[in-house]
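Visitor: So TrEMBL lists these for the protein:
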type	residues	note
DOMAIN	271-327	domain 'MIR'
DOMAIN	337-393	domain 'MIR'
DOMAIN	391-448	domain 'MIR'
TRANSMEM	79-101	transmembrane segment
TRANSMEM	135-151	transmembrane segment
TRANSMEM	163-196	transmembrane segment
TRANSMEM	216-242	transmembrane segment
TRANSMEM	523-545	transmembrane segment
TRANSMEM	566-584	transmembrane segment
TRANSMEM	596-619	transmembrane segment
Amino acid sequence: QGVQGYLIITDRCDEAGLELKSNLNLLWCQFLCSLLCVTQKDVSTLTRMLIGLAGYLTGYDGSFPFIKPGDKYEHHNYLGMRAFCAALGSCLPPFTFLIVLELSRSTPTAIIAASLLIFDTGCITLSQYILLDPILMFFIMGSVLCMVRFNTQRLRPFSFSWWFWLLLAGVCLSGSLGVKFVGLFVILLVGINTAFDLWRLLGDLSLSLVDFGKHLLARVFGLIMLPLFLYTTIFAVHFVVLNRSGPGDGFFSSSFQSRLIGNNLHNASMPEYLAYGSLITVKNLRIAGGYLHSHWHLYPEGVGAHQQQVTAYLHKDYNNLWLVKRPDNSDDLTGPPELVRHGDIIRLEHKETTRNLHSHFHEAPLTKKHLQVTGYGIVSTISFFIKWKKGDPVKVLRSKVRFLHRSTGCVLCSSGRTLPTWGWEQVEVTCSPYVKESPNTQWNIEDLINPKLPNISLSVLKPTFLEILWESHIVMIRGNSGLKPKDNEIYSKPWHWPINYQGLRFSGVNETEYRVYLLGNPVIWWLNLLSLALFVFMLTVASLAKQRGVKMEGMRKVHCDILMEGGGMLLLGWLLHYLPFYIMSRILYYHHYFPAMLFSSMLTGTTISCWKLINFYLFHPLSYGMRGPLAHDPASSMAGIRWMESWEF
């Protein structure tokens, strides 16, 4: 019966998930552009490589630019990438069936839970387009399935099947985290389950401490060491395959960029030391701190002085160029170059606008305890001290320098905060009165042009694997946490999601366009919400009954155990995949709830099944006959279920 149910679920989900429409005005996902360049989002490397591989194997040549939603694919072959995502999405109902079947030991319960996903419009929508969500949910559900199957092998420790499910769980955990950082939540779920399992083994007095140590080491290997190895291997392959320059280079340090083919720092040569008269770019050492940048636009009225904006820009741009000059305009253009050293006073003149880097006693736009930094034309107030190592000349790329404003004593700083639309959503640059060294106030000279200076090779600056692994994660985390809503962008709050308050428009806004709108089946989602409340009530009653020593035998005990153990695990999974979003500062979208929705759907199947069985147990005397006092007598065993006066039993 279980096999028949599995085949029915698999056949139905294939019909739903692999329906690939033929129109060309199709949904696309923002992260796919990272197949060819580096992105700042929290989309990790496995997603890029899997979809890129699916496209490569099916004839996609990587030339579609993915500029904006609604662009037609024209002749580009995208069906392989869609089919790959749809195939993984189609695995979700069978996975659900197998998980609930293991937890409830009931085929009807498993079919109910899987059917909720089959007929959910939101899951079908996510599964049939080029998105990371079906890949993420595939690995999450795979991790949970391996976990529950591993738990069933308790009586066969260290057997082939025991090791198989343990190691496969580790593979799925690495895949979950490799797709998106949300995979940390299922890692936490499996970790909690493993901790309880080890605690149970520690209390088994028939198990020696040596055997317990073997169990512990096996889990450490399968659930910690193996996932870490696979996860770092994913990044190692990623760094080899995606090794070219892209528009996201500016998010990374100069040394990271030196390994990217096509970047101006790759196998480049330039002067070793900074000298007066050089044309330079200055990069903040805070990861994703940006390049010192200015443009013709002024600060708006009411935001400090109405002078030229100075920001930090995360991309390479002509407006990042600055000239290093003496404060008194006494530059000798014909003599030998003079190196800039620690303690020297310099003036930075913006190449495009000829304005000078300047600060004064006005509040910064966002960081109110800092001073405003502007572009200004009067020479006498704009000089900065260079702070490096005493007596040493400033080295290109390798020197961590600070710029101290001569008049105010503050230090040039990239705050990391994003300016509003008037600042083109670039990073705020301030002058900090706190002169303590930090990455926010440290800068390096990245590009340097000075024909009077000899050049050296920059190949010695290439970082190690562990350095680029660490930096790439910091960039992803900071980029993800810093995501803010754009003008007219539809986003949502976590409390919107369980009640299906608002969906998410993927493409199209009028009747002439092909429209895709992500919205879960409201009947299923509201049923899930009611089932959550019902489960909490049933769990409370069962816990109180157990605490009071109520005798439970036979099927009554079995269903109570299913409710507390299997249902409790699913409730914990829902909580872990939902509650953390309440403390996230980044912009949130409706699709973030779908991993939690998987757990609530499985919990709904379990709750409905247990509720039906409990109701049958309460009323089963009506099926088989009764003895003793009538139900209207308080002493009757049937008194508690005579809910209406008209029931005369």
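Cβ coordinates are placed from backbone N, Cα and C, and glycine is handled just like the others.
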Visitor: Should anything in the same chain at least six residues away from the transmembrane segment (163-196) have a Cβ under 8 Å from its Cβ atoms, list it; otherwise answer none.
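Guide: Same-chain contacts beyond the flanks: 42-47, 132, 135-136, 138-140, 142-144, 146-147, 149-151, 153, 218-219, 222-224, 226-228, 230-231, 234, 476-477, 480, 569, 572-573, 576-577, 580, 592, 595.
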Visitor: Which numbers of helix, strand and coil residues does DSSP report for the domain 'MIR' (391-448)?
Guide: 6 helix, 27 strand, 25 coil
Visitor: Are there residues at least six beyond either end of the transmembrane segment (216-242) with Cβ under 8 Å to its Cβ atoms? List them, or say none.
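Guide: For the transmembrane segment (216-242), the far contacts come to 35-36, 38, 44-46, 48-49, 158, 163, 166-167, 169-171, 173-175, 177-178, 187, 190-191, 194, 197-198, 259, 465, 468-469, 472.
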Visitor: In this predicted model, what is the average pLDDT of the domain 'MIR' (271-327)?
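Guide: Value for the domain 'MIR' (271-327), mean pLDDT as a whole number: 90.
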Visitor: Would you mind splitting the domain 'MIR' (271-327) into helix, strand and coil residue counts from DSSP?
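Guide: Helix (H, G, I), strand (E, B), coil: 3 helix, 27 strand, 27 coil.
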